[in-house]
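Heads up: the structure comes next, in structure tokens.
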Amino acid sequence: MSLDTHANPHHEHPDVVGSRNRLGVILILVADIAFALSILFVYFYLKGQNVNDMWLPKATEDTPAITPLSSLSSWYVTAIAAFGLLAHQFGLRGVRAANQTQLKLGGLVALVAALVATVYQNMQIANAPFTFYSGAYASCYYLITILNMVHLILTVFIAFGNWNRSRLGIYAHDHWHVDIVNIWWIWMTVSSLLGAFALSFA
Amino acid sequence: MTTLLNKTNKKALIERLNIFTAFALGALAAIVVWRLSLAFLPADSESAPLFTREDKITLLSMIAWFVGFMTGIGALIGPFRWVQGKDLTHEENMFYAGKDLGVKRYFRYTTDHKVVGIQYLVITMVIFGIGGILAMLIRTNLGTPGGGWIHPQAYNSIVGTHGIIMIVGTIIMVTGPFGNYIMPIMIGARDMAFPRLNALSFWLIVAAAIPLIWAQFIGGISTGWSAYNPLASQAPLGMNGYIMFICIFAISTMVAGANITTTVVRMRARGMTWNRTPIFIYGVVASVALALPAFPVFFLSQVMSGMDRALGTSFYNTALGGSGWLYENLFWIMGHPEVYVILIPAVAALMEMAPVFTRRPLFSFNVAVMGIAGICGLSVLVWAHHMYISGWAPLLNAPFMLTTELISVPTGMLFLVLVGTLWRGRLWMTVPTLSIFALLWNFMIGGITGIYLSDVPADAFLHGSMFVTAHFHYTLMGAGLTGAIAALIYWFPKMTGKMLNKRLSWIAFWLTQIGFNVAFIGMFFVGLQGQPRRVEAYADIFSKGNLITTIGAFTIMVGMLILLHAVISSWRSGVKAPMNPWHAKTLEWTVANPVPLENFEVLPTVTSDAYGYGRSK
């Protein structure tokens with residue numbers, strides 16, 4: 001391999017670093033997307049198979065019949081997540097327009113939305129009228145809602161960091177981090193939507 | 001020491017954390033959670049499945065170990081500093097890179113890709129060492145018919161542990177040491193795209209190892225490496241160690257996949273177009289890109305396995321609506337691409353060496369790239385050939401037979417590239433050159449027997465037999481490990497600054513290859529005779545083949561010990577290596593020994609491909 005050399009300062013331009021970071025996050029999300037799609041596969045596979053007619057077990061002497069839950073609460077969680085996404089994008093537009101106040105406000109509202117969605121998701125899990133032992137539907141229900149809960153907890157962590165860094169004025173000259181957090185928000189909302197969609201077909 | 005110490009008189013937190021604090025915090029967290037779980041977790045109701053409370057305690061303790069270990073090594077500092085808005089300073093980043101830390105940097109959360117590469121090399125050797133010892137136990141036990149001296153339950157666990165540990169070892173054996181140490185220099189970069197993620201991917205493997213060791217003391221892994229459910233749901237507590245091990249390892253693989261791919265896509269030197277990018281880079285990227293979507297599926301299969309055991313869910317429990325076939329599908333959706341995750345970088349490493357030792361250009365670079373791409377594309381469409389006999393979707397057997405047999409076409413393209421490069425080349429007979437011939441021989445046997453196994457009627461007879469065991473050893477060990485050892489010998493001078501002892505490496509090569517072929521051809525014979533795999537005792541009719549296999553296995557062991565001795569002695573007191581001992585043309589050979597912290601003082605600009613050796617007469 002023949003080559004020339006050129007002087008290159010070790011310091012890289014923020015756009016170079018930013019676009020690299022964005023690609024890295026997208027690739028990590030590829031793994032998370034594969035994970036989420038596998039969960040949907042599990043849900044529809046077990047529902048389709050209905051092995052031993054135990055997708056939704058019928059009543060026995062000891063246990064009542066398992067009936068599918070309304071997916072409405074999952075859609076509520078998705079709606080709150082979508083609201084958080086919109087708030088974050090409002091902040092993102094702010095930082096692109098060099099409006100720090102809009103960035104902070106958007107980040108704060110997004111953080112609150114993430115917290116509310118997390119609490120609501122937790123209530124949905126805690127109030128489910130069945131146990132882990134209650135057949136394949138119940139197992140899948142917990143799997144989907146727990147995955148969403150994990151996503152939401154991560155979102156709270158990220159949204160808090162994003163808001164705190166906005167508050168400290170770190171994003172005054174560089175909005176790459178806010179852009180990348182936006183990618184996470186989009187995926188988190190889509191994954192919540194996929195979960196709600198699946199649970200609508202019990 | 002670094003400037004961190006000079007700023008204040010007391011050590012900063014990141015200076016205090018190392019492998020010892022990691023083990024201490026991990027162990028402490030595990031013990032605390034174990035005691036608390038024992039005290040506060042309620043007893044199971046009568047309707048709860050077997051093992052549930054004990055499984056909860058075990059899994060919680062293992063999760064606590066994991067969190068404690070990663071905290072103790074310093075993996076969480078970066079994310080928490082980001083949240084606080086206190087990004088790492090240049091001095092702190094240099095500290096993380098291991099600047100002026102000497103040998104201590106190998107025991108810390110060091111981000112320099114060269115340190116991570118060496119860490120991977122050492123852990124790969126340790127993994128192969130442990131896996132090899134287990135293999136010797138298996139072969140010793142099978143040396144005579146009618147059962148040996150190992151208790152059947154312990155034997156099953158040895159087989160399962162040997163399987164999974166060797167699979168993990170082969171997955172990381174090329175992309176770990178050489179993908180980390182060599183690849184960034186080869187593309188003209190100063191480091192990986194995400195140095196802290198790079199360190200994370202390595203330390204996750206260390207964190208994962210402990211649950212696997214732990215498993216051996218609480219019932220072992222008696223299910224074989226595939227851990228099929230519902231068998232795994234009913235296995236002893238040690239199964240939880242397997243589950244944790246896979247989950248943590250899968251995270252490591254995903255992180256490494258994103259990191260390596262980003263590095264290659266975004267950080268290649270100026271002028272290094274895709275046509276000028278060395279073929280080894282294609283192999284590494286193909287491997288990790290294939291693993292990126294495949295391992296989350298494996299991760300999910302184990303999460304559900306853990307939930308079935310600890311929470312009583314019924315993903316795989318048919319009595320409550322679950323399905324064993326679900327596990328088999330999820331497992332093999334990962335399991336077959338994983339074969340190529342192992343093979344592609346090893347073959348690509350040999351394709352990288354072939355032009356160097358024949359002094360001619362790589363024969364048809366484009367065919368090599370198309371072959372790698374073709375394997376990647378087809379490898380995600382073949383998983384159900386592992387399930388012909390399971391009864392799942394018999395109508396799909398024919399399409400899966402077709403896709404499996406089709407994969408021999410792109411694989412054949414890689415053969416063509418290697419043979420074409422060797423053809424009429426001026427061969428420089430080094431161990432890497434011999435390894436190319438060994439790979440062609442071994443992989444041909446592994447590949448052709450694979451075609452038999454992809455054939456539904458033949459598989460009906462051969463499935464679950466020693467024939468299968470011999471087949472996949474021919475591919476993963478005969479081809480994969482041969483390529484990895486050649487890569488070690490080839491890049492050893494750059495990684496250590498020393499030449500690997502030539503005489504010892506020749507002896508090791510021949511002993512290993514002869515032993516290997518003796519061992520596994522013997523195994524083909526007993527497989528064809530009908531000996532099932534994973535059995536602790538067998539009938540007299542199989543004794544001759546098993547004895548031959550055991551003799552071959554011990555020959556491999558001697559070869560491997562000689563290689564280990566060569567590596568250690570050469571590393572410690574070998575002949576000092578010149579900057580470019582093989583007169584190769586890729587960028588890693590343009591930097592000095594030892595490679596400086598940021599590799600290049602000025603970044604290179606590439607103006608031609610890496611295989612400009614002219615044409616042979």
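Glycine too: its Cβ is placed from the backbone N, Cα and C atoms.
Annotation comment: TrEMBL describes B:105-607 as domain 'Cytochrome oxidase subunit I profile'.
Annotated transmembrane segment per TrEMBL: B:17-37 (among others), in sequence order. Sequence-distant contacts of the transmembrane segment (B:17-37) (same chain, at least 6 residues past either end, Cβ-Cβ under 8 Å): 56-57, 60-74, 77, 104, 107-109, 203, 206-207, 210.
Annotation comment: TrEMBL describes B:115-138 (among others) as transmembrane segment.
According to TrEMBL, the transmembrane segment annotation covers B:158-179 (among others).
The list of residues near the transmembrane segment (B:200-222) in space but at least 6 beyond its ends in sequence, with Cβ under 8 angstroms from a Cβ of it, reads 19, 22, 26, 58, 62, 65-66, 69-70, 73, 75, 109, 116, 119-120, 123, 153-154, 156-158, 160-161, 164-165, 168, 172, 176, 235-242, 244-245, 248-249, 251-253, 255-256, 259. TrEMBL lists B:200-222 (among others) with the feature transmembrane segment.
Annotated transmembrane segment per TrEMBL: B:242-267 (among others), in sequence order.
According to TrEMBL, the transmembrane segment annotation covers B:279-299 (among others).
Taken from TrEMBL, the feature transmembrane segment covers B:330-351 (among others).
Residues annotated as transmembrane segment in TrEMBL: B:396-419 (among others).
The transmembrane segment annotation in TrEMBL covers B:431-452 (among others). Distant neighbours of the transmembrane segment (B:431-452): 346-347, 350, 353-354, 356-358, 404-405, 408, 411, 415, 418-419, 422, 458-459, 462, 467, 470-475, 477-479, 482-483, 485-487, 489-490, 502, 505-506, 509, 513, 516-517, 524; these residues of the same chain sit at least 6 beyond its ends, with a Cβ under 8 Å from one of its Cβ atoms.
Residues or ranges marked as transmembrane segment in TrEMBL: B:472-492 (among others).
Here TrEMBL flags B:504-527 (among others) as transmembrane segment.
The feature transmembrane segment is assigned by TrEMBL to B:547-568 (among others). Same-chain residues lying 6 or more positions outside the transmembrane segment (B:547-568) and placing a CB less than 8 Å from one of its CB atoms are 125, 128-129, 132, 135-136, 139-140, 142-144, 485, 488, 492, 500-501, 504-505, 507-523, 525-526.
Tertiary neighbourhood of the transmembrane segment (B:472-492): same-chain residues 121, 166-167, 170, 173-174, 177-178, 181-182, 339, 342-343, 345-347, 349-350, 353, 356, 430-432, 435-436, 438-439, 441-443, 445-447, 449-450, 498-500, 505, 509, 512-513, 516-517, 519-520, 523, 563, 567, 570, 577, 582, 588, selected by CB-CB distance under 8 Å and a gap of 6+ residues from either end.
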